[in-house]
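Read the structure below first, then the notes.
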Amino acid sequence: SAVYKVKLIGPEGEENEFEVQDDQFILDAAEEAGVDLPYSCRAGACSTCAGQIVKGQVDQSEGSFLEDDHFEKGFVLTCVAYPQSDCVIHTHKETELF
């Protein structure tokens with residue numbers, strides 16, 4: 001399987017970059033890399049883990065919470081997001097969904 005570099009940028013501007021396989025959820029890979037991210041349901045059914053992707057593509061088809069207008073703005077649920085390219089994602093974006 002392919003491996004991509006994912007860079008997460010936190011609310012204070014802190015950056016963490018790590019590798020994620022294309023069949024691994026970004027949240028799971030972040031935890032393995034020691035990055036502490038917010039989450040709740042781990043099933044794409046809430047918005048606790050929401051981030052905003054500024055570069056790259058993900059597959060988050062297993063999620064159910066986000067609507068098309070969220071996708072158009074780049075919102076991503078890290079608990080159900082598989083990377084499809086190298087990505088840059090701003091984390092902790094739940095409050096901006098509403």
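Including glycine, each Cβ sits where the backbone N, Cα and C put it.
As given in Swiss-Prot:
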type	residues	note
BINDING	Cys41, Cys46, Cys49, Cys79	[2Fe-2S] cluster binding site
DOMAIN	4-95	domain '2Fe-2S ferredoxin-type'
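Feature map: Swiss-Prot annotations on the structure.
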{"residue": "Cys41", "record": "[2Fe-2S] cluster binding site", "Cβ contacts under 8 Å, 6 or more apart": "Thr48, Cys79"}
{"residue": "Cys46", "record": "[2Fe-2S] cluster binding site", "Cβ contacts under 8 Å, 6 or more apart": "Ser40, Phe65"}
{"residue": "Cys49", "record": "[2Fe-2S] cluster binding site", "Cβ contacts under 8 Å, 6 or more apart": "Leu27, Leu37, Pro38, Tyr39, Ser40, Arg42, Leu77, Thr78, Cys79, Glu94"}
| What three-state secondary structure does DSSP assign to Cys49 ([2Fe-2S] cluster binding site)? | coil
| Neighbour count (Cβ, 10 Å) for Cys79 ([2Fe-2S] cluster binding site) | 26
| query | Can you list the residues of the same chain, besides Cys41, Cys46, Cys49, Cys79, whose Cβ falls within 8 Å of the [2Fe-2S] cluster site's Cβ centroid? | reply | Leu27, Tyr39, Ser40, Arg42, Ala43, Gly44, Ala45, Ser47, Thr48, Phe65, Leu77, Val80
| Whole-number mean of pLDDT values that fall within the domain '2Fe-2S ferredoxin-type' (4-95) | 98
| note | In three-state DSSP terms, Cys79 ([2Fe-2S] cluster binding site) is classed as helix
| field | DSSP-derived structure type at Cys41 ([2Fe-2S] cluster binding site), helix or strand or else coil | value | coil
